[in-house]
Amino acid sequence: MAENSLLRFITKNKVAILATVSAGTAAVGAYVYYQQIKQQQQQQLKGTKDNRRQSEAFAGQNEDEADLKDDGSVVSGSNKRKKKKNKRKRNNKAKSGEGFDYPSLPNGEPDIAQLKGLSPSQRQAYAVQLKNRGNHFFTAKNFNEAIKYYQYAIELDPNEPVFYSNISACYISTGDLEKVIEFTTKALEIKPDHSKALLRRASANESLGNFTDAMFDLSVLSLNGDFDGASIEPMLERNLNKQAMKVLNENLSKDEGRGSQVLPSNTSLASFFGIFDSHLEVSSVNTSSNYDTAYALLSDALQRLYSATDEGYLVANDLLTKSTDMYHSLLSANTVDDPLRENAALALCYTGIFHFLKNNLLDAQVLLQESINLHPTPNSYIFLALTLADKENSQEFFKFFQKAVDLNPEYPPTYYHRGQMYFILQDYKNAKEDFQKAQSLNPENVYPYIQLACLLYKQGKFTESEAFFNETKLKFPTLPEVPTFFAEILTDRGDFDTAIKQYDIAKRLEEVQEKIHVGIGPLIGKATILARQSSQDPTQLDEEKFNAAIKLLTKACELDPRSEQAKIGLAQLKLQMEKIDEAIELFEDSAILARTMDEKLQATTFAEAAKIQKRLRADPIISAKMELTLARYRAKGML
C-alpha cells in the first residue's frame, strides 16, 4: 500500500496541460495528460472530433487553400461558400493560363532564363505569379502541374518558405509522405515557426510511424500558439501514446514469453510472503527423501526465502530454479517415490509463484499445475488462483481457493489471499469474513489485522479504523507494518503531518528488524508527502521539502534497487530539477521493473515524454519559449 501512494499522487495531483510534455516541469507530463484527455474526449466527443478534422484537413491544404485566417482562426462559413462557388471558374483559368502575366516560351511555359535575369524584386514578383498559377492547378487537383509551377517559383525566389510548403501539400494529396517531409523541412529551414509546414510534417511523420518527430513539431506548434489547443493536444496525445506502445512492444518482444525475469522489490516480496508461517513452510520439505542433494537444495532455498533479506530473495530465486531442474531430472527416472513427488511438487510450487511474481504467467501456471498433479497442497491452489486472478478470470480463481479450503480448512493464508481478492472486488462482507477467519487461525500474524483496519476505512468508518489500528499497535508494538499502513490512510485523508510521524516511527522500527518487513515503504510514503507539500505554493518551490523528498527516494533506490515506484518517483523529481537524462534512465528502469502492462506503459510514456522535452530543450529558441510558457502557467497558479 505504501508504494502505491506515490503513484496516486503523481497521477492525480498534476495539472494536465500541454506544457507537461513540451515544458516538462509538471512531473509526470504525458501520462497524466493522456488519461485526462481521454476523459475530455468522452465529455466533449463531438467538439474534439470537429477540432481534429479542422487541424488534420489543414495539413493537406496549400497556402491559399487553407480555411484559416493568418491569426489561426477559422474562416467563416460564408467565406468558405464563396470559395466553393468560385472553384469552377478558377479551374478554367488554371487550364487556360488566363489572369497570369509573366514572360513565356512559345509552348506557354514560363521563360525561366529571361526571368532569372531580372532584378531581385522583379523575380520575387514573378515568383508569386508562378506560385498563384500553381495554386490553381492544386485546386484543380492537377498536382504534377502544381508542383512544376511551385518549382519554377523556387528557381526565382529560393528563400520563400511558402513555395516549399505548397509542394508538400501536393505530396500529401499524392500520398508521397517522404516528399512531404523533405519539402516541409526545406520550408522550416527558412522559417522555423512556419505553422503549416510544422503541422504537415507532423502528420506525415505520424503516418510513417515517426512519432517522436511528430511530437516534436506538435509541441513547437503548441508553444508557438498557432492553433487552438483542442486541435493540437489530441494529436500530441495520440502520437505520445503510439510512441510509448511502440517502444514498449519492442522491449517486450526482446523478452517474449519469459516475463520480466526480474524479481519485484524486496518490499513487495516481504508483503507477499508475510502471511505465510516461515517455520511451517521451511519444515514442509519431506525429510524422508533419499535424494539428499535435491532435498538440501530445496531446503536451503526455502530458508533463504523466509530469511526475508535482499540476498535471501535473490539466492532463493536461483536455488529454486536449480531445485526444479534437479527434480525434473529425478522424476524422469522415478515417478512412484512419494517423498520425491512431495518435494518435487514443493519445488515446482515455489518456482511457479516466483515466475508469477516475475510476471511470467504462462510458465507459472504450467509449473503450478504440474505441482498439483504430483502432490496438491493449499499453497499450490492459492498460487494458481492468484495467477488466474491476475488475468481477471474471477470465477475460475475462486474455484481454486475453494480447493485449497477443501484440502485444509484450517490454513490461514487461503482465507487471507481470498479476502484480498474480495477486497479488490469491493465485496467487503466476504473480505471481512475471510480476514477474520485468517486472524482467528493465526492470531500472531499482523496482516489480517491490518486488512481489517483498512477495510473499515474503505467503508467510510475512519474512527473505527483508527481504533482498530491502535489496538493492533498494542498487540504488535515492534512491527513497522502497523504505522506504515496507518500512515497510508492518514495520507489519503490529507492529514500529512500525522502521516509523516507514523512513517518516521515505521522507519525506526524497520531499521532494527532482522528481516525485511515494510522495506522502503516508509521512505516512499514520506517522500510522497514532502514532494506534494513542496509544490503547494505554485509561485515558489519549498526547496527544503523538495530536497528532503529527493534524499528519501535516492535512499529508497539504494536500499531496494528493484522498486519501480521509488525509481519513478525519483525520476519525476529529477525532471523538475531539469536533470532530464537521469529522469529518462530512471523511467526506463521503472518500465523494466514494473509488473503490469499499465505500469510499464505509464513508465514508458514518462520516458518518451522526457525525451521530447530534452530534444526541445536542446534548441535555444524553443527552450526560451518553453520558459515563457512555464512562467505563464506559474503566474496563473497552474504549476
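A Cβ is built for glycine as well, from the same backbone N, Cα and C atoms used for every other residue.
Ser55 is the residue among Ser55, Ser104, Ser283 that Swiss-Prot labels phosphoserine. Residues belonging to the repeat 'TPR 3' (345-378) score a mean pLDDT of 96 in the model. Note on the repeat 'TPR 4' (379-411): residues 276, 345, 349, 352-353, 356, 361, 364-365, 368-369, 371-372, 417-418, 421, 425, 441 of its chain, located 6 or more positions outside it, place their CB under 8 angstroms from a CB of the stretch. Proximity of distant same-chain residues to the repeat 'TPR 7' (480-513), defined by a Cβ-Cβ separation under 8 Å and at least 6 residues beyond the stretch ends, is recorded for 1-2, 5, 274, 446-447, 449-450, 453-454, 457, 462, 465-466, 469, 472-473, 519, 521-523, 525-526, 528-530, 532-533. Within the repeat 'TPR 8' (530-563), the DSSP-based counts of helix, strand and coil residues read 22 helix, 0 strand, 12 coil. Secondary structure of the repeat 'TPR 1' (127-160) per DSSP (helix as H, G, I; strand as E, B; remaining residues coil): 27 helix, 0 strand, 7 coil.
Each residue in the repeat 'TPR 6' (447-479) gets a DSSP state, and the totals come to 26 helix, 0 strand, 7 coil. Here the repeat 'TPR 5' (412-445) has Cβ contacts under 8 Å with residues 274-277, 378-379, 381-382, 385-386, 389, 394, 397-398, 401, 404-405, 451-452, 454-455, 458-459 of the same chain, all six or more residues outside its ends.
Note: the repeat 'TPR 7' (480-513) comprises 29 helix, 0 strand, 5 coil (DSSP; helix = H, G, I, strand = E, B).
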